[in-house]
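**Student:** Have a look at this one.
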Amino acid sequence: MALFRDIVLLGFLFCLSLVATVTSEEGATLLEIKKSFKDVNNVLYDWTTSPSSDYCVWRGVSCENVTFNVVALNLSDLNLDGEISPAIGDLKSLLSIDLRGNRLSGQIPDEIGDCSSLQNLDLSFNELSGDIPFSISKLKQLEQLILKNNQLIGPIPSTLSQIPNLKILDLAQNKLSGEIPRLIYWNEVLQYLGLRGNNLVGNISPDLCQLTGLWYFDVRNNSLTGSIPETIGNCTAFQVLDLSYNQLTGEIPFDIGFLQVATLSLQGNQLSGKIPSVIGLMQALAVLDLSGNLLSGSIPPILGNLTFTEKLYLHSNKLTGSIPPELGNMSKLHYLELNDNHLTGHIPPELGKLTDLFDLNVANNDLEGPIPDHLSSCTNLNSLNVHGNKFSGTIPRAFQKLESMTYLNLSSNNIKGPIPVELSRIGNLDTLDLSNNKINGIIPSSLGDLEHLLKMNLSRNHITGVVPGDFGNLRSIMEIDLSNNDISGPIPEELNQLQNIILLRLENNNLTGNVGSLANCLSLTVLNVSHNNLVGDIPKNNNFSRFSPDSFIGNPGLCGSWLNSPCHDSRRTVRVSISRAAILGIAIGGLVILLMVLIAACRPHNPPPFLDGSLDKPVTYSTPKLVILHMNMALHVYEDIMRMTENLSEKYIIGHGASSTVYKCVLKNCKPVAIKRLYSHNPQSMKQFETELEMLSSIKHRNLVSLQAYSLSHLGSLLFYDYLENGSLWDLLHGPTKKKTLDWDTRLKIAYGAAQGLAYLHHDCSPRIIHRDVKSSNILLDKDLEARLTDFGIAKSLCVSKSHTSTYVMGTIGYIDPEYARTSRLTEKSDVYSYGIVLLELLTRRKAVDDESNLHHLIMSKTGNNEVMEMADPDITSTCKDLGVVKKVFQLALLCTKRQPNDRPTMHQVTRVLGSFMLSEQPPAATDTSATLAGSCYVDEYANLKTPHSVNCSSMSASDAQLFLRFGQVISQNSE
């Protein structure tokens, strides 16, 4: 008995020693893996060799309860750099490896194929390169292989078909080439195949439908050719079929109607022929997108049977015939886009039954007849575009019922009659375009009640009467075009209240009076009042000097400073007889003035505070106080600043904007500062403004410009900032130095720095701060071309208790969030939109708004034919080694500028994506762990595998890890 007990004890001790040996080896393996990482934020601080350290409690490590073998390694979204160590193959018991959302580079090690128990491998959203190793095919237990959003090259290994349990294969957004291996189509358990955004060629194999369990098939944005297989109707398990943005030709096969997919995306190919009527039998369709092809014939009336379809995109084809009235039966329809075809006939009144319709676009067709009153029953209609047709009749007065409408474009038709007063009751309208019609009568003064209006175009009509003074109430307006009408009378004085207006076109009318009422419109950049009957002097102050003579020609009585202007004509000498009484009055007045001068000379002299930058205009206000916030400004007083800048003389001006002028001042210590003089002399709440400035003075970040001092006065407020010698990003891109080559690495560094500064304001300040005016001119550059945001938080700090919104300041045209017009609120996502426009500027070296073109609209117009990369600045293509990264930054910019704020990423997410693009030899500066995502916001987009019938395609874009997942999808969903 004792002998048996001893044997058992020895066996137990042996097992313990064996377990201790194994566990010791696994801990050493983990430390070996750590050596290959560059732990920027020291997130793996607990991975140490300390004797008391238990690797099973290390961050991201999970162990089996009995053997203590490592079974899961989850290091996702930790900002890890470096490579994946070959030592990972020594962890034989691993069931799951999740390294997604880092900045890992190098190749996937062949040794990963030694993890024989592995079921889940997710290396997505990194910078991994090289081929997909064939050794992965040895992982016979593997169920999920997710390698999307890397830089993998080469063909897809056909040996992946040898993994018997593989359910998810996601290789999207890489640089894979070659054809799709036909053997993959014979994997009966495969449920999800994501291959979008690669360089795959060849045809779509008829064997596709051998994948009897496949519900998600996505090959969007490749270079696939040939036709859609005739047998496609046999793929009865499909829920999502996306073949868009390839080079597919031929007709849409009849058998496609046997599919029961929720999403059918065929847009952006070269498909021809007619739309098969059998598509009208696909009752499960939620999204049908056939746009951007060569489809002809008429729209099948049977599509009206699709009562569960929410989005119908047939635009940019060659469709003819009329719009079927049966479309009015699609009761769930939200988006109906039929624009850019050859449709004829009328808009059927049956469309008025679509009470959930959000967007109706029939622009650029040959439609005629009146615009039906029945559309006023579409009470949720947000956007109506009928531009470029042959519509006649009058503007329906019933449109006043469309209270949700923000965009109304009736331009370039044959519409007659007056502008109905009822339009002024569409309170949320931000764009009203009635141009190029035959509208007559006067402009209703009640249009001045449209407080959210951003753009109004009534040009090229037969409008008479005057410009309503009520237009002065359009405080949000940015563009007004009344040109080429018969408008008379003066330019109303009330227009000087339009502090946000950028464009004003009044040419070719019969206006009289002068242009002095526009002198205070400081943000005005496009002005044309030519060919009217205006008289008087053109103002020389403020911003009128920027306008060319062409803006004023054709006004014989208008006096300007250009050649041949009446100002330069020889003027007749006018003889005036002066009475003795007048001479006596002048003499007495002169004596009084002389007496006042003598009294003033006897008083103690103090340096006068500035007024309009003049040295000879003393005023009676007391000297303002200079509040010092930085040691750089120590020992300075207000009088010092006035003396050093000669009372803010014009010769010290280094820039100006819509609300301020910026001066350069060299301090006593020979260090320069930038002085921003605000135009507003009477802040509504000086005390509140001072409180905000005190708060802003505490904000310090390497990518933010520091506030060094301030001076508040009813004469005008001064803000003192760091002076940055390289000026603004706008100067670098569009200013006198724009001929200078700007390489890709520098652009990426600037984009990353600006994003870090904005992310700090949004996520690390308490209370959080909305910038409200993100634009290239508010991104300054230091001597190393490091980006630093300026002008942040001046208006109002973000109030967390009020839904993080504020309406105090509007942004700049071209950069402003379109959602602002509907809500009158700016949020963090408004800053994200503006930042996206800045990214587009960096990528194209084009201005956000240039003359009458809009950069975002221009980019969007190039997306349908995959021509976006053609917009890239040539300096990028000549200095960037990997144009795939440029394409991804385009994707990121389009994500930032999505119309719906909830679809945009956060600035933390933006910084993480841009950080992943930075060159490994020049890593970005480390950020605090608080500046990274506190926890993974990743939403498992494959979670519907067990219940494929419940797939919700829209939810797939909600994942934090999908910030730049699908180039084509970003384009198609970024509707204007």
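Glycine too: its Cβ is placed from the backbone N, Cα and C atoms.
According to Swiss-Prot, the feature signal peptide maps to 1-24, an assignment based on sequence analysis. Under the heading topological domain 'Extracellular', Swiss-Prot lists 25-580. Among the features that Swiss-Prot reports, N-linked glycosylation site is placed at N65, N74, N221, N234, N305, N329, N409, N457, N510, N528, N543. Residues annotated as repeat 'LRR 2' in Swiss-Prot: 93-115. Per Swiss-Prot, repeat 'LRR 4' is recorded for 141-163. What Swiss-Prot records for 213-235 is repeat 'LRR 7'. Look at Swiss-Prot and you will find 260-282 tagged as repeat 'LRR 9'. Among the features that Swiss-Prot reports, repeat 'LRR 10' is placed at 284-306. The repeat 'LRR 11' annotation in Swiss-Prot covers 308-330. The repeat 'LRR 12' annotation in Swiss-Prot covers 332-355. What Swiss-Prot records for 356-379 is repeat 'LRR 13'. Residues annotated as repeat 'LRR 14' in Swiss-Prot: 380-401. Residues annotated as repeat 'LRR 16' in Swiss-Prot: 428-449. Annotation comment: Swiss-Prot describes 476-498 as repeat 'LRR 18'. Look at Swiss-Prot and you will find 500-522 tagged as repeat 'LRR 19'. Feature annotation from Swiss-Prot assigns topological domain 'Cytoplasmic' to 602-976. What Swiss-Prot records for 648-918 is domain 'Protein kinase'. Marked as active site, proton acceptor by Swiss-Prot on the basis of sequence analysis: D773.
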**Student:** Same chain, outside the repeat 'LRR 7' (213-235) by at least 6, Cβ under 8 Å from its Cβ: which residues?
**Tutor:** 167, 172, 180, 188-206, 241-259, 265-266, 271, 866, 944, 948, 951, 966-969
**Student:** What parts of the chain pack near the repeat 'LRR 12' (332-355), using Cβ distances under 8 Å and only residues at least 6 beyond its ends?
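**Tutor:** That would be 291, 299, 307-326, 361-380, 385-386, 975.
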**Student:** Any idea which of the glycosylation sites N305, N457, N510 has the thinnest Cβ neighbourhood at 10 Å?
**Tutor:** N510
**Student:** Work out how many Å separate N457 (N-linked glycosylation site) and N409 (N-linked glycosylation site) at their Cα atoms, rounded off.
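**Tutor:** With distance taken Cα to Cα, N409 (N-linked glycosylation site) is 9 Å from N457 (N-linked glycosylation site).
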**Student:** Measure from the CA atom of N65 (N-linked glycosylation site) to the CA atom of N74 (N-linked glycosylation site) and give the result in Å, rounded to a whole number.
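**Tutor:** For N74 (N-linked glycosylation site) versus N65 (N-linked glycosylation site), the Cα atoms are 17 Å apart.
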**Student:** If you compare CA-to-CA distances from N510 (N-linked glycosylation site) to each of the recorded positions N221, N234, N305, N329, D773, which comes out shortest?
**Tutor:** D773
**Student:** How many whole Å apart are the CA atoms of N65 (N-linked glycosylation site) and N221 (N-linked glycosylation site)?
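**Tutor:** Here the two Cα atoms are 46 Å apart.
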**Student:** Quick one: Cα separation, N329 (N-linked glycosylation site) versus N221 (N-linked glycosylation site), in Å?
**Tutor:** 33
**Student:** What are the sequence-distant neighbours of N528 (N-linked glycosylation site), meaning same chain, six or more residues apart, C-beta distance under 8 angstroms?
**Tutor:** S483, L504, R505, L506, E507, D550, S551
**Student:** For N221 (N-linked glycosylation site), name the DSSP secondary structure in the helix/strand/coil scheme.
**Tutor:** coil
**Student:** Measure from the Cα of D773 (active site, proton acceptor) to the Cα of every one of the glycosylation sites N221, N234, N305, N409, then give the nearest.
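**Tutor:** So, spelling it out, the nearest of the glycosylation sites is N409.
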**Student:** Near the repeat 'LRR 18' (476-498), which same-chain residues lie under 8 Å Cβ to Cβ, leaving out any that are not at least 6 residues past its ends?
**Tutor:** 430, 435, 443, 451-470, 504-515, 517-521, 528-529, 534, 810, 813, 821, 824
**Student:** Out of N65, N74, N234, N329, which of the glycosylation sites is least crowded by other Cβ atoms within 10 Å?
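**Tutor:** Counting other Cβ atoms within 10 Å of each of the glycosylation sites N65, N74, N234, N329 gives the minimum at N65.
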**Student:** Which is it, of N221, N409: the one of these glycosylation sites whose Cβ has the most other Cβ atoms within 10 Å?
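**Tutor:** Answer returned by the neighbour count: N221.
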**Student:** Along the repeat 'LRR 14' (380-401), what average pLDDT does this model show?
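**Tutor:** Residues in the repeat 'LRR 14' (380-401) carry a mean pLDDT of 94 in this prediction.
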**Student:** Given a Cβ distance threshold of under 8 angstroms, which distant residues of the chain, six or more beyond its ends, lie next to the repeat 'LRR 11' (308-330)?
**Tutor:** 267, 275, 283-302, 336-354, 361-362, 367, 864, 972
**Student:** Measure from the Cβ of D773 (active site, proton acceptor) and count the other Cβ atoms within 10 Å, all protein chains considered.
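**Tutor:** A count of 25.
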